[in-house]
Amino acid sequence: MFPPQSPSLRSVGSFNNLKKGNRFGTTSTTTTRSSSPIRSVSSHSDGQYHHSIKSRIIRNNPNSNQQTHEAYTGKIIVAIRPKPISNNEKKVWNIVDNKRIAHDDVGEFRLDRIFDCDVSNLEIYSELCKPLIDKLAMGYNATLFAYGMTGSGKTFTMSGTQEDTGLIPLSISHLFNTINEENLLGKKKYEMLVSYMEIYNEKLYDLLDTNVEGVNFGYSSNLQTPPRFGNSFNSAQDLRIRDDAQYGIKVVGLSEHRCSSKDDLMKWVRIGDKNKKISETEYNSRSSRSHSILLVRLIATDLETGIVTTSTLSLCDLAGSEKATSQQERRKEGAFINKSLLALGTVIAKLSSESNQHRNADNVNHQETSNPNNSHIPYRDSKLTRILQPALSGNSIITTICTVDIRSDASSETLNTLRFASRAKNVSLHVTKKQNVSKDEEKDKLIFTLIQQLEEQKKLIDDMNVNKMSGNVLNFEKHAVPFANEMVANANSGPNNNIDTSRTEKSNIVDPSYALLESENKVLKFKLEHCENLLDKDIVELQDRQMINIVEMLPDGVGTLLEMKFQGLESQIRQYKLYTANLEKRLASNKNDENRHNSGSNMVIPINSAQGSRIASNNSDISMADNCSEEDPYDIIRHKEEEIKELKKGLERKDKMIEALQSARRLRHRALKPLAEANLLYENEQENRGFNNLER
Ligand SMILES: Nc1ncnc2c1ncn2[C@@H]1O[C@H](COP(=O)(O)OP(=O)(O)OP(=O)(O)O)[C@@H](O)[C@H]1O
């Protein structure tokens, strides 16, 4: 019934004799191992069973007392999941214990874990996937793939059913739980991106390409663009794979979608699943006709150190190997599937034998890698091996679930699967984290510092405002008292020291000319603003080099018009300047008058009580008019002075504008000069011609 024992099958015995210490996943020299590895909880007893899959996984678990700093060194973990059979079906493969599966005619295969037929997805997940996801969250790439003959339960295991949730949703859920916990601690910031692709008939398609035309099939209302119709490849593109320095390979044009929650990510998974190529075959009513690969990229930024760690989770549901079928299309698909699985098998066999050779040659304290001898591994023989190249060449922690059918009908396919599994578990891995310091993080830090500065400044301003509100007195002391003293001093030293008691009323202090001045100032200000607006507009235009060029190109007439406008504005400014100077003069003489009138001991300064008492304490000559709410005349004078200052500033600006206008005009003249000369030349020529004609 079975072919003669192949070399690989003969080697089964040798797997039992492997040095187990080398086979289990560890981290590099910086790793602190648990002193007593937890042993199997299995009821199966096996004398040679020293290191259970549990101990292997627990050592990889971040919750154990192991501290992982650097590289992870280990092997591909391989587990077998047999498909359940009914009572009346005959099985030919027997599960000896949780590590061994045997066939009476063939012998025994020893693997990392053999599950019972009635195992649930949740149990498989807890034992195999959870530790893998934990490693992913720590920054290692992680790959999980299901391998097995058609109909053996790969999709059942990976995607699951309503009753038995699959490894993909369970892993995603655990990943988000882990991230949310870390988020709560506030030490890391996570970003998650999802891609989903399939290899169908040796072509690579994006299962989440929302640009592909198609009927709205399974379209989630939360997405902006409907994905393509499931199973329709009319407008889908065969994507290219190219080498990539950062990730090993890159699928050119594969879409990536940001996900902020588990539901978000699962939405994309469901869309991708709907787009997968699925058909009915003799063995499976819903057979995956393609290899599907779900990629979840996790970008973790340590907020304290700024170190960014990128890790990728690859979840692969491979198409199943199958016998030739009568249907032409299925036969073609089957041929492609078998070819790519063969390529995967060859790559695994090569990597396995490389690892063996390397281990035999140097069994002491070496760093294991999947291809230590750097011999040729035919990754390019298929799209599948090309896609898995970075993971298989040691860039990812890998766990493989091989689904098998233990019935007699499928015994040779199961044998093939177990051979594949035996080789795969031999493949060494040396996985390092991908870390770098984020440029974004540097920016974030800068922004953070700036925000802090801003906060400090805001606080300072708030404090100052509070001081200002509660300490008007201080302000007053600072500004008004010296001013008042100065006024008094001026008055005392002035020529007229006579006290005019009639000026003790405010109406007497504030000369009507103030009101006039004020209104004149207002008018002047308004005119200046208007003028400024006009000039600003022109300056903006003229300061623009292109505009100047355009002006230079303008015909003479337009240029002259512009010039006239500028000249008009200039003269207007000059007039305003004169007018303001005049006002200033008048204001100054007015102030002197006031000083003269107010000099003397009984000057009344109508200020509020708080301010008044301060003045009184500084100058006993000044009496107070308590509770007087009217305006301080000195304030009025000060306002006028401030206004004048502002006007002066405005005029300075105008001067600058005029300078700019003049330079623009000079430029224009320079540009127009050749034109004018050419024009003159032309006119002279015309004149000469006319003259010549006349002569003729
Ligand atoms: N462990 C299991 N328990 C219950 N039902 C199972 C199990 N494994 C597989 N099945 C059932 O067997 C059928 C085939 O399974 P599935 O589609 O997962 O196979 P597959 O390996 O993905 O096949 P293919 O390679 O053709 O896509 C399904 O109806 C599935 O529900």
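Each Cβ is built from the backbone N, Cα and C atoms, and glycine gets one as well.
Taken verbatim from TrEMBL:
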BINDING   Gly148, Met149, Thr150, Gly151, Ser152, Gly153, Lys154, Thr155  ATP binding site
COILED    637-664  coiled coil
COMPBIAS  7-19  compositional bias 'Polar residues'
COMPBIAS  26-45  compositional bias 'Low complexity'
COMPBIAS  362-376  compositional bias 'Polar residues'
COMPBIAS  598-610  compositional bias 'Polar residues'
DOMAIN    75-427  domain 'Kinesin motor'
REGION    1-66  region 'Disordered'
REGION    355-376  region 'Disordered'
REGION    589-610  region 'Disordered'
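Here the Cβ of Thr150 (ATP binding site) has 23 other Cβ atoms within 10 Å, regardless of which shown protein chain they belong to. Taking the mean position of the Cβ atoms of Gly148, Met149, Thr150, Gly151, Ser152, Gly153, Lys154, Thr155 as the ATP site, the remaining same-chain residues with a Cβ inside 8 Å of that point are Lys83, Ala146, Phe156, Asn284, Gly320, Thr403, Asp405.
Considering other CB atoms within 10 Å as the measure, the emptiest surroundings among the binding-site residues Met149, Ser152, Gly153, Lys154, Thr155 are those of Gly153.
With all protein chains in the displayed structure included, the most crowded Cβ environment within 10 Å among the binding-site residues Gly148, Gly151 is that of Gly148. Under the DSSP three-state reduction, Thr155 (ATP binding site) is assigned to helix. Listed in sequence order, the binding-site residues among Met149, Gly153, Thr155 whose CB lies under 6 angstroms from an atom of ligand 1 come out as Gly153, Thr155.
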